[in-house]
């Protein structure tokens, strides 16, 4: 590790193989917490390269517990987090709305590190069982249209890193990796990223896979469609922008999509919205993100996806998906 750290301190970059090997060594407990912390810190002070990101990703996918859900043509709706915006759990809510619209969802998530309440925090609070048992996860998709993949159950190699990330409480390159290391290898992916540079890197890496992808970045910094301004969209076949008026809705202010100050508050906001009791801003931002997931899988237009998402939310289909998952978790 000393050699690697000296290399990084000298403003050199790692090759793909070096990046992969470092992460494998971290996972096998070869480095102490101080060394791991120093390594993570370097990448907070400069941009990660494509080779480094690719090497880290390969290591995590090699070490993870894989789950085969290929029979379902699933999508994962996942943001990198680390955008510092502290919104409510938009992508998790959008996942249930998409499931209510008939899309099969394999939601990869974790506890919040740089945010108050990550996807797993709110799912746990809602009584959702975390499991890596294939038959349970298949039953969830069969009956609820969605399963929850709690990252630590599938990436046990990262147990050495979890406490350090929590103590640092800022975004690290693991935020960038999260959406790319779904252990079920979904055929479709809706990814939100916290800056344009990362959006380009993701696009480059996904172009070399068979994944049908949509990458999102709101130009004012959100890792999802925020409706607070235009959102950059990159897919395997196009690149463009989408604005609130494209969905026929108004521009939102940042305060309208803020999350709770505690996990309890976050769960309360989640329950209100999925039950159809959210306010206009909350409903619109959830449906806009669900719309992009629906459009990614079905190839309908985002506008058509938005109508399908609204129907799922307001008819209670999204809520039914959540209730079924809660029932299966008992």
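Counting starts with 1 at the first residue shown.
Every residue gets a Cβ built from N, Cα and C, even glycine.
Annotated features in Swiss-Prot:
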BINDING   79, 82-83, 87, 89-92, 107-115, 119  5-phospho-alpha-D-ribose 1-diphosphate binding site
BINDING   79, 110  anthranilate 1 binding site
BINDING   91, 224  Mg(2+) 1 binding site
BINDING   165  anthranilate 2 binding site
BINDING   223, 224  Mg(2+) 2 binding site
Exercise. Highest CB neighbour count within 10 A among the binding-site residues 91, 110?
Worked result: 91
Exercise. Cα of residue 108 (5-phospho-alpha-D-ribose 1-diphosphate binding site) to Cα of the residue listed as 'anthranilate 2 binding site': how many Å, rounded?
Worked result: 18
Exercise. Per DSSP, residue 91 (5-phospho-alpha-D-ribose 1-diphosphate binding site) is which: helix, strand or coil?
Worked result: helix
Exercise. Between the binding-site residues 79, 110, 111, 114, 165, which lies closest to residue 223 (Mg(2+) 2 binding site), Cα to Cα?
Worked result: 79
For this session: Quick one: of 110, 165, 224, which binding-site residues lie within 10 angstroms of residue 79 (5-phospho-alpha-D-ribose 1-diphosphate binding site), measuring between C-alpha atoms? Sequence order, please.
Result: 224
For this session: Can you tell which of 108, 165 has the least company, meaning the fewest other C-beta atoms within 10 angstroms of its C-beta, among these binding-site residues?
Result: 165
For this session: Give the sequence-ordered list of residues that share a chain with residue 87 (5-phospho-alpha-D-ribose 1-diphosphate binding site), lie 6 or more positions from it, and have CB atoms under 8 Å from its CB.
Result: 222, 224, 226, 257, 258, 259
Exercise. Three-state secondary structure of residue 165 (anthranilate 2 binding site) from DSSP?
Worked result: helix
